[in-house]
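For reference, the structure discussed in these notes is given below.
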Amino acid sequence: MSSTSSPFLTADTLPVSSVDHIQPELDVPLQAHEISKAAVDTDKEQLPVIDDDANDEVEYPDGGLQAWLVVAGSFVAQFVVLGNVYSFGIYNQYYADAQFGSSAQVAFIGSLGMAFIYILGLPSSKLAERYGFRQVIFAGLMILCLGLFLASFITSLPLLILTQGIMFGIGSSFIFFPAVSLPAQWFLKRRGLAMGISVSGSGLGGLLFAQLSQRLLDTIGREWTLRVTCIISLVLMLPLIPFMKTRIPPRKGSTGFSFLKNPGFYCLSVPVSLALLLNSFLLTLLLSLPRIG
């Protein structure tokens, strides 16, 4: 009687060629896994250890002549820009007394100027990254001074809004935002001190410009007060612009205006801009209240 054949195939029952064909297929994945594991272990051994604290200490000067000149430039920029902004209450009452319009009407000059500073904050920063901080600050200084100079020849309220308001605001924005961000590129451990010194220019400028504007208006009149203010702004800012250098170059591909194509940008920026305009309008009125009556 013949023996019953087994239903399972074994290596003994398979042809030799079939066994040889299966064995490499089983070994290849195992070998590939071992090779990739060894490569990962090798890469881990070759990776350098980065000490962020040590890197920061090397990259940030935290002092030196160039760093403190940047702080001085930022201080003077805020002194000039916000000094003129905070002193507009003096002009507001003068224009109302000279019947350029009511206090509410002439308040649009200062409120639009202040609003345009912050509304153009993002574009001015993008322009500074693309074309250079010093170039944008210089262009802003020229626009600011041109607005004040042209306003000294104007007696029409709409044109004053255009020159002493809108032109001044555009120029101020081009100066303010690039200048206020520069000290942080030069200081790390003493960044608080550097930023505090630069920001103090805004308060000191508001104090001195208000006193100066009042005395000049009383003695030489509006026209020459605006011209003297223009000259003071130019003389203070122009010598420091060459020293307002960036230390960290902008990242490639990070500068662009593609956000202008996004509807969400306008949904956010329009309400914020209107709120800034209303806030600036009310603040300008409040700055002129102590002199009313």
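Every residue, even glycine, has its Cβ placed from backbone N, Cα and C.
Quick look at what TrEMBL annotates:
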- 70-293: domain 'Major facilitator superfamily (MFS) profile' (DOMAIN)
- 67-86: transmembrane segment (TRANSMEM)
- 106-124: transmembrane segment (TRANSMEM)
- 136-154: transmembrane segment (TRANSMEM)
- 160-180: transmembrane segment (TRANSMEM)
- 192-212: transmembrane segment (TRANSMEM)
- 224-244: transmembrane segment (TRANSMEM)
- 265-289: transmembrane segment (TRANSMEM)
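Scored on C-beta pairs under 8 angstroms, the neighbour of the transmembrane segment (224-244) with the top count among 106-124, 136-154, 192-212 is 136-154. Sequence-distant contacts of the transmembrane segment (136-154), counting only residues of its own chain at least 6 positions beyond either end whose CB sits under 8 Å from a CB of the stretch, comprise 77, 80-81, 84, 124, 127-128, 160, 163-164, 166-168, 170-176, 178-179, 222-227, 229-230, 233-234, 237-238, 241, 244.
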